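Remarks on the structure that follows.
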Amino acid sequence: MAPPQEEGGGNGTELSMQRSRWATRRLTVKSGARKRLSLMTRAQAKNSATEKRQSGVTDDGSPAADGDQKEGSISSSNNGGSAPRKLYFNLPLPPELKDEEGHPIQQFPRNKIRTAKYTPLSFIPKNLWFQFHNIANIFFLFLVILVIFPIFGGVNPGLNSVPLIVIITVTAIKDAIEDYRRTILDIELNNAPVHRLQGWENVNVEKDNVSLWRRFKKANSRFFGSIWHLIERLWKEDAQSMRQRFASADPRMSIETRTAPWDPSHRRSVASHTEEIQMTPVPSPVPHDPDVPTVSSAIENEATLLQNLKGDLINHEIPVSGKARFHKDAWKNLVVGDFVRIYNDDELPADIIILATSDPDGACYVETKNLDGETNLKVRQALRCGRTLKHARDCERAQFVIESEPPQPNLYKYNGAIRWKQRVPWDPHGEPREMSEPIGIDNLLLRGCHLRNTEWALGVVVFTGHDTKIMMNAGITPSKRARIARELNFNVICNFGILLIMCLIAAIANGIAWGKTDASLAWFEYGSIGGTPALTGFITFWAAVIVFQNLVPISLYISLEIVRTLQAFFIYSDVGMYYEKIDQPCIPKSWNISDDVGQIEYIFSDKTGTLTQNVMEFKKATINGQPYGEAYTEAQAGMDRRRGINVEEEAKVIREEIAAAKVRAIRGLRELHDNPYLHDEDMTFIAPDFVEDLAGKNGPEQQQATEHFMLALALCHTVVAEKQPGDPPKMIFKAQSPDEAALVATARDMGFTVLGMSDGGINVNVMGKDMHFPVLSIIEFNSSRKRMSTIVRMPDGRILLFCKGADSVIYSRLKKGEQADMRRETAQHLEMFAVEGLRTLCIAERELSEEEYREWRREHDLAATALENREEKLEEVADKIERDLTLLGGTAIEDRLQDGVPDTIALLADAGIKLWVLTGDKVETAINIGFSCNLLNNDMDLLRLQVNESDASTEDDYLQLAEEQLKTNLERFNMTGDDEELKRARKDHNAPSPTYALVIDGFTLRWVLSDSLKQKFLLLCKQCKSVLCCRVSPAQKAAVVSMVKNGLDVMTLSIGDGANDVAMIQEADVGVGIAGEEGRQAVMSSDFAIGQFRFLQRLVLVHGRWSYRRLAETISNFFYKNMIWTWSIFWYQCYCNFDIAYIFEYTYILMFNLFFTSVPVILMGVLDQDVSDTVSLAVPQLYRRGIERKEWTQTKFWLYMIDGVYQSVMSFFIPFIFVVLTPTAAGNGLDVSERTRLGAYIAHPAVITINGYILINTYRWDWLMLLSIVLSDVFIFFWTGVYTATTYSAGFYQAAPQVYQELTFWMCLIVTPALCLLPRLVVKCIQKQRFPYDVDIIREQANRGDFAAADAAAVAALGGPERVEGESLGSLSSSGKGSGRSKKSKHQQYASVDEDRRPIYPPSIATHNTRAQNGSDGTTYIMQSRTSTELQQEMPFDRDREEETPAVRPSIERTRPSYDRIRRSIDRVRPSFEASNDFTSAARLSRIESTHSSLGHTYSHQRESYAGESSGAQQGQEPGQRRFNLATVRKRGLSAFSKKSIDTTEGEPPREPPM
């Protein structure tokens, strides 16, 4: 064997990835001596790993190794945690990999993972550490210590510590509950079962001797766990009724090993050529470093002899004990080097190299949804040398070494090699040859994936725990604090400064007075005597800190915790966000950031499973120049909506037509032949005319074309067919791509059913006849090729190559000079399909001769066995045969969006929120989805940033190319990307121009995220309405979120459903996980868990806005009320020589924040509503105040503080004047008893004033709020009467009857609140009348009943039936249970409301509409359709006129479906997208055909100005009418739009729309 590359390399790997523990780790050695790795060393290693990860983000787009380590090579340098590892199986470790005691030097992390922030042991110290990051808590702790010393006048130290203990305890309990769910999921995951080989020796790790420290931790965990389970059980018994009403809050993601039965007959037999299939979308490894012995160079020279030799790892000559068996064990017990057997539907517990599978050809299928969000199956291959391993005894005899690269987070790259010795057949008695086989990502099963459609797979563990790729992408669960909470520290510091000033004044004044007179004033002295003025002032200072401590209110933090907890409960209880299908409410997992949800400016969303259902449906096709299929897509609905058509009515009519067409199509198929696999409900390709052509009613030529097309769909794929028993039976297809499954399913429905694979071929039932088609070769799809091909021998002996792929790619490979008419017609049809938002593919074929195929196959086999540049060689060979194709036709597939996605995106856009899509899917798919969900539209220019790997060879060249593209695109906006522009961008919260969208791929993103280009890229994105980042890794997603969050200083929200979204969910200010059947890690790491994307609108626009406004108002009122109370005490010091005497009886001070004033302000924070939920959704522009952070500002804070000081003056001096002027006052002042009476005079009006002030600032005066105000005011009277009636009140005894019988007291009770609140009332009235906010106008309209229609629609939505799956798309634009609003446009909602009662939106709201610049009457200004009620009445949509010209709707009476309705939009699409290789254009495809070359890689869009853009045909207007621009509106005024008709510009004739 070759020597290892470096000693101790694994040790650095372990150090770089392990977390710091509370104690050092013990390494047990043979002699019993202990080696310890110090905590400082571990922390240093951890910091080094963090720095490397951060640097990797800018280099690779993901926290990967440095870019100078080439893919495919295994570096031998030991640079900390980046050293490779070598694993030995049934071979002794070489001496250089052992320590002096004979134990392995390499150390690997355990497979036990923890996403929870706390453990039972670390909870208390760690939680206290986080809580005392709050500066107020530190201050209160200091006060508690200060009160202990009697010289400072502390009354009761124990009582003073109660508030701090309460807030610390309440917060700790809340944090414990939040973290408990993560802990439970961690426990379930770590204890999930796996079949692990036991009874053999794994030499790569030493025996795990549990140390005393770990035993202690385990004992504590079991102890605290048992206590918690007891509490939980008791709580569940008490909460049985609540549990029956609401489903369990635990995500439906429990870890269970699936034990679905496996039918071996369903196993796919893959042809031998699939041994070298490369399924990953990354290029092949580059040539390895010659100094690194990853493979044997001798084997390369004998490639001709060894290319057909199958390796065998089993050494039958070595003796074995026979005790090895596969037994169930927990995930956490797996270690590197273990043999594991994975069964069908099992989740992968670690990163595993596949040695053998149940398939004789070594293929297995995995679902990677947890990693990249894709539910389609991917093929993984076992190593050729390990396929003979079947049983435990085979594993005992297997001798080999695995050389692996170090752990790195790139999900699409892996490089390693397996080495063993074997005798060759031509020299059976000679020495065993050293053999080697490369290991790639297609041989690796990653943790978090699921094994599908494979009976079992056997492999060895190469990475565990935090070394696995999924965990390296997950990051560490952050501790998030709300933005207001962070900003609150500044205000607390300000109040602390005011407190210090007050204390200094008191100390100086008391010291000076004491030095002058050495005697007290006539009033009572409370302070301590220091003996000298300086010492007296020093004591007075600290005594004043204690007395004035309420200026920094600890009660505020307690109240905020209560408010946030109740807000979280109401969010959880909102049935409008309850997803009944999976029994999933909205679960707040981080209770302390609900107000952050009300300030979100950027939302980052995953695509697959988040925006879409990832359910592909075959909708349309074009075959031999004839279009087929009927459908109504989201994109069509969006176009109709822009044209002013009532989408709901249009969709209803078209649905009826499609339903009738489906009945006719099914009847025709049944008449053609009895297809037992046709299920009516599964049929998505609705084309009666296709059925007629298939039956030959329109001639044999088209019949042959349709048959051959469907046969091509049934043969060109890599799907796995499963037959489900039933009557009739059902064929289910599992594929690498859901598109592929949709194509094969449609072929099945049309009578070409794939039955499975056997004997190296595909079995197909063709129109009732079973046929076998031998598969000679499969050329797999990847993102660079954008196509896949299958070479099949037909029954007549011909060899045909079927190729399907992107239309631009196929057109560039068609045979020159043929099918000119068909190519042109097909291009037009594909363009129409693309306008409808469908994903298009082209199907082509080529006939091969025997000699041609044999020659190509020889070259292919040589390329497939190459050890270097294998992918490049395979692509080069494939390129030679995928040429001179004959076009068969094209397909159009719809990726179904989740319910309500377009409306939710539209609402969020109206609110001023920018939505970016970060997806691991390919660019073409993301663009199609962008059109479907209204992120993109035909009026946009797509800015494409694309740097290809083949464009350069060095990092500097890549950076230069990326910089040039950024500079070119920034020039469109007259920008350079400098610091001044960034400063302006940080202050600008307006919506960007709606005419630009940006698309970028992951490889380009790697370079634009570098430090030198990041700022320019950010500023370019800021100018675009939509941004789509495609083919991005999880770490790149997090890097993009971090760039926007920190670069623009905005609030961000990330939403996703898979493990690949965890990093960005944790990076964003607010993380939202979508719960489903998979992706529990996203829910585990999120702050909120919801069931569907559409619930985001209610979470953000309703609860988020409410929470932010409530918290802002609560904090302001808290500071205000404590200012009154504290400054009243301060004013009293002026009359008692600043001796820091309490003017209030001490129980008043305790009761003030506990009972007198806290309940109303807490209810304000929990229940106050400026507008209802339905109005919040009907007018989403109200949310903009949160984006601009106008609810909580420093100006507001200081105004409330000044108001509090003013009212403290009134509250103190008015009662003081009344008391001094009464006969009860002594001639020389007040004695001790009179101090308490004056305090009562001041306290009662102050409490009434404070509660009245809170009521004034409250929008919603419901019975509970009014009751809390009344009870709070009454309670001070009640307490005073009860307490002073007892002798426990001491000097306050009998104060109530003495005070309450005085007329002056009742006069103070009336005059003081009136004078205090009068300025506030006057200012508020003036503001509402003369300078109303948007919400003030909307509230007036709501009070008038203008939103009654929206309220009724919300009630109907909550009580109405849920949308049925599979219902037509057009109907869904207005559906979705619990959406809380009607899904019509905001004016259409009130079509039945009288003209004078329809909502009139304020100008600021209209200005902030990102989709249309609407005036106060709803009239559209720029490039938008007018949808107000008046304009609907002025220009009603005339269906008859619309059908005449230029558009014709599909009719079921026509033999062929009409595409005229779609063709109207083609001319608007072509100027912006003609040069795009992601958007089909007939003109573009024609140029591709003529030049026979591939498309370019950049978008060069120059928008053309033509009359069609402003034609009435697209807006539901007369052809002679034109839209006015904003300048015309401003010039003529809004009154011009009230006329019945709008004339064209004088002197300019109307232009006809382009045809």
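Using N, Cα and C of the backbone, Cβ positions are placed for all residues, glycine too.
What Swiss-Prot records for 1-134 (among others) is topological domain 'Cytoplasmic'. Mean per-residue pLDDT, taken over the topological domain 'Cytoplasmic' (1-134), amounts to 55.
Here Swiss-Prot flags 22-37 as compositional bias 'Basic residues'.
If you look up Swiss-Prot, you'll see 135-155 (among others) marked as transmembrane segment, on the strength of sequence analysis.
Sequence-distant contacts of the transmembrane segment (157-177) (same chain, at least 6 residues past either end, Cβ-Cβ under 8 Å): 118, 123-124, 127-128, 130-131, 137, 140-141, 143-144, 147-148, 546, 554-555, 557-558, 561-562, 565, 591-592, 1150. According to Swiss-Prot, the transmembrane segment annotation covers 157-177 (among others), on the basis of sequence analysis.
If you look up Swiss-Prot, you'll see 178-491 (among others) marked as topological domain 'Cytoplasmic'.
Summarising the annotation, Swiss-Prot assigns transmembrane segment to 492-512 (among others) and lists sequence analysis as the type of evidence.
Look at Swiss-Prot and you will find 513-537 (among others) tagged as topological domain 'Extracellular', backed by a curator's inference.
Sequence-distant neighbours of the transmembrane segment (538-558) (same chain, 6+ residues past either end, Cβ-Cβ under 8 Å): 134, 136-137, 139-140, 143, 146-147, 151-154, 160, 163-164, 166-167, 170, 492, 495-496, 498-499, 502-504, 506-507, 510-511, 527-528, 530, 1115, 1118-1119, 1122-1123, 1125-1126, 1129-1130, 1138-1140, 1142, 1149, 1152-1154, 1158. Look at Swiss-Prot and you will find 538-558 (among others) tagged as transmembrane segment, backed by sequence analysis.
Marked as topological domain 'Cytoplasmic' by Swiss-Prot: 559-1123 (among others).
Annotation comment: Swiss-Prot describes D606 as active site, 4-aspartylphosphate intermediate, evidence class similarity to another entry.
According to Swiss-Prot, the Mg(2+) binding site annotation covers D606, T608, D1057, D1061, on the basis of similarity to another entry. D1061 (Mg(2+) binding site) falls within a helical segment according to DSSP.
The feature ATP binding site is assigned by Swiss-Prot to 606-608, E740, F781, S783, K786, K804, 839-840, 919-921, R1031, K1037, 1060-1061, with similarity to another entry given as support.
Taken from Swiss-Prot, the feature transmembrane segment applies to 1124-1144 (among others), supported by sequence analysis.
For the transmembrane segment (1147-1167), same-chain residues at least 6 beyond its ends with a Cβ under 8 Å from one of its own Cβ atoms are 159, 550, 553, 555, 559-560, 562-563, 566-567, 570, 1110-1111, 1113-1114, 1117-1118, 1121-1122, 1125, 1239, 1243, 1247, 1250-1251, 1254-1255, 1257-1258, 1260, 1262, 1264-1265, 1268-1269, 1271-1272, 1275-1276, 1279, 1283, 1289. Annotated transmembrane segment per Swiss-Prot: 1147-1167 (among others), in sequence order, evidence recorded as sequence analysis.
Residues annotated as topological domain 'Cytoplasmic' in Swiss-Prot, with a curator's inference given as evidence: 1168-1200 (among others).
What Swiss-Prot lists as transmembrane segment is 1201-1221 (among others), and the listing cites sequence analysis.
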Is T840 (ATP binding site) helix, strand or coil when read with DSSP? strand
Recorded positions D606, E740, K786, T840, D921, R1320: which have a Cα within 10 Å of D1061 (Mg(2+) binding site)? D606
Please report how many Å separate the Cα atom of D921 (ATP binding site) from that of D1057 (Mg(2+) binding site), as a whole number. 14
Quick check for the class: what is the C-alpha distance, in angstrom and rounded, between K786 (ATP binding site) and R1320 (1,2-diacyl-sn-glycero-3-phospho-L-serine binding site)? 68
Among the binding-site residues listed here, T608, T840, N1060, which has the most company in the form of other Cβ atoms within 10 Å of its Cβ? N1060
Within 10 Å of N1060 (ATP binding site) by C-alpha distance: pick out those among the recorded positions D606, T608, R1320, and say none if nothing qualifies. D606
Cα-Cα, T608 (Mg(2+) binding site) versus R1320 (1,2-diacyl-sn-glycero-3-phospho-L-serine binding site), nearest Å, comes out at 52
C-alpha of E740 (ATP binding site) to C-alpha of D1057 (Mg(2+) binding site): distance in Å? 23
Per residue, counting other C-beta atoms within 10 angstroms of the C-beta, which of the recorded positions D606, D921, D1057, D1061 reaches the highest number? D1061
Within 10 Å of D606 (active site, 4-aspartylphosphate intermediate) (Cα to Cα), which of the binding-site residues T840, D1057, R1320 do you find? D1057
So what's near the topological domain 'Cytoplasmic' (1259-1262) in sequence-distant terms, Cβ-Cβ under 8 Å and 6+ beyond its ends? 1167-1170, 1339
By DSSP assignment, list the helix, strand and coil residue numbers for the topological domain 'Cytoplasmic' (1168-1200), in that order. 21 helix, 0 strand, 12 coil
Cα-Cα, whole number of Å: D1057 (Mg(2+) binding site) versus T840 (ATP binding site)? 26
Using C-alpha atoms only, work out the spacing between R1320 (1,2-diacyl-sn-glycero-3-phospho-L-serine binding site) and T840 (ATP binding site) and round it to an integer in Å. 64
